[in-house]
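Notes for the one structure printed next.
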Amino acid sequence: GVPINVKCTGSPQCLKPCKDAGMRFGKCINGKCHCTPK
């Protein structure tokens, strides 16, 4: 995944930030969102 500068405690929190970044969905890894490119 592509790390973005968004803090998280759970993967659902990364859905919108990843979408806003033009990517698909994300996982929360080490407290930061990692997104999947389209």
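Just so you know, glycine gets a Cβ as well, placed from its N, Cα and C.
Over in Swiss-Prot, the protein carries these features:
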type: DISULFID; residues: CYS8-CYS28; note: disulfide bond
type: DISULFID; residues: CYS14-CYS33; note: disulfide bond
type: DISULFID; residues: CYS18-CYS35; note: disulfide bond
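Secondary structure at CYS8 (disulfide bond), taken from DSSP and collapsed to helix, strand or coil, is coil.
The Cβ neighbour count for CYS28 (disulfide bond), using a 10 Å radius over every protein chain in view, is 17.
Ranking the disulfide-bonded residues CYS14, CYS33, CYS35 by how many other Cβ atoms lie within 10 angstroms of each Cβ puts CYS35 at the bottom. Secondary structure from DSSP puts CYS28 (disulfide bond) in a beta strand.
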